[in-house]
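S.K.: I'd like to ask you about the structure that follows.
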Amino acid sequence: MGCCKVPALIQAQVEMGLVNDVEHKSLFRRETDSPQRKAASLMEQGSLSASFRERATKTPMNSVLQSFKIVILSNKLNLLLPFGPLAILLHYLTDNKGWIFLLSLVGITPLAERLGYATEQLACYTGSTVGGLLNATFGNVTELIISIFALKNGMIRVVQLTLLGSILSNMLLVLGCAFFCGGLVFSQKEQVFDKGNAVVNSGLLLMAVMGLLFPAVLHYTHSEVHAGSSELALSRFSSCIMLVAYAAYLFFQLKSQPSSYTPLTEETNQNEEASDDDEDPEISKWEAIIWLSILTAWVSLLSGYLVDAIEGASVSWKIPISFISVILLPIVGNAAEHAGAIMFAMKDKLDLSLGVAIGSSIQISMFAVPFCVVIGWMMGAQMDLNFQLFETAALFITVIVVAFFLQEGTSNYFKGLMLILCYLIVAASFFVHEDPRQG
């Protein structure tokens, strides 16, 4: 009877991914050994997984100076940090909005990347499920802060275009670069990801397009019951519905489908044990929280100067505000997602890359956009979901193209290249597009 139970336990462990094929064979070879060796073998498996969990959650003890070196001095991109204070200095010394905007933009870039780093460090203590949500949330905090400052200044159009640009950038540029780089590293095979999750995410993005499409159609068909107010009322109602849908999506991901953010089970060989050592947290949980607070405050400060200089930079550089808002601002805001998605793809973790790129697009379209409508409602601003015909069409076509690329559940460098080229077409379109509702 004991001989029947042990192989069953071993088989269950194999099916759950706790032991790899080599261990599977060796354990079955030891089936004929003594009961003591069987028990020792199973205890060894348990101790290995326990030591792995202990190693994954070990907390480093850093002094203030050590923490500063790890977060600020360890990354070469942080050489751009002085451009932020320089932008603030120029704001009070000169009236050249072009230079103020450029320096603010460059100064925010390393802050966005460090926000992503601090979030990843915090995710080491919260687990993969909450960690995935944290990565998506703080990855978009730059765009949210810029949008709130623009909304406060009455620049509703900048808010709409910045959020739209973030969605387009994540779906085409970030995902395209991830597919391309991952495809080059693994050129001898097609990388695979969870097709079921991709279909659900595509459906959510299409729902977001629906929310933006009907106010625009209502406006351009002149079919409003109450001219000037029905469009705004529909936008606010749709925003509340989209927020409810996003809350239901979060509940579904965190409770019903907790494995969505969980990385694929890896074989426990020596090379991957070494890589696990590299992924141990470098700073403690409270250090990560403190750095997130500091970086968010600094991004908020710089965003105020950045938004204030957008219109002046547009005139100075003779570049449409729509191009600045849709292309330039999101590239900076998505720096953390861009780096993270590419890194995961080059490690053959396509599900995580999609979680970063598509998950971020869902959060912007289903949370940030309706959230800004509600915040504008509270401020008395006429923020609505009518992103105009050109912009709504660009988003609709982008979602359709990405959905077609995701439907097979595989990726390669060619698909990545096509998405990048699609983004270049979008960028060129906004460069020659004159927005009728600037301001």
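Just so it is clear, glycine is given a Cβ too, placed from its N, Cα and C backbone atoms.
Whatever TrEMBL says is automated annotation, not expert-curated.
Residues or ranges marked as domain 'Sodium/calcium exchanger membrane region' by TrEMBL: 99-254, 289-430. Here TrEMBL flags 77-93, 99-117, 129-151, 163-186, 198-221, 233-252, 288-307, 319-345, 352-379, 385-406, 413-432 as transmembrane segment.
I would like each feature placed in context: is it buried or exposed, what are its neighbours, and how far apart are things?
M.R.: Here the transmembrane segment (198-221) has Cβ contacts under 8 Å with residues 167, 171, 230-231, 234-235, 238-239, 241-242, 245, 249, 354, 358-359, 361-362, 365-366, 369-370, 384-389, 392, 395-396, 399, 402-403, 406-407, 409 of the same chain, all six or more residues outside its ends.
Beyond its flanks by at least six residues, the transmembrane segment (288-307) meets 67, 71, 84, 87-88, 91, 100-101, 104-105, 107-108, 111-112, 114-115, 118-119, 121-122, 125, 138, 141-142, 145-146, 149-150, 153, 155, 158, 281, 329 of its own chain at Cβ-Cβ distances under 8 Å.
Taking Cβ pairs closer than 8 Å, the transmembrane segment (319-345) reaches residues 101, 105, 108-110, 112-113, 115-117, 119-120, 135, 138-140, 142-143, 146, 157-158, 161-162, 164-166, 168-170, 173-175, 177-179, 181-182, 185, 191, 306, 310-311, 313, 352-353, 356-357, 360, 391, 411, 426-427, 430-431, 433-435, 438 in its own chain, all 6 or more past its ends.
Long-range contacts of the transmembrane segment (385-406) within the same chain: residues 160-161, 164, 167-168, 171-172, 175, 195, 198-199, 201-202, 205-206, 208-209, 211-213, 215-216, 218-220, 231, 234-235, 238-239, 326, 354, 358, 369-370, 373, 415, 418-419, 422, 426, 429-430, 433, 435-437, each at least 6 residues beyond the stretch ends and with a Cβ under 8 Å from a Cβ of the stretch.
Only residues 6 or more beyond the boundaries of the transmembrane segment (413-432), in the same chain, are considered here, and those with a CB under 8 A from a CB of the stretch are 168-169, 171-173, 175-184, 187, 319-320, 322-323, 326-327, 394, 398, 401-402, 405.
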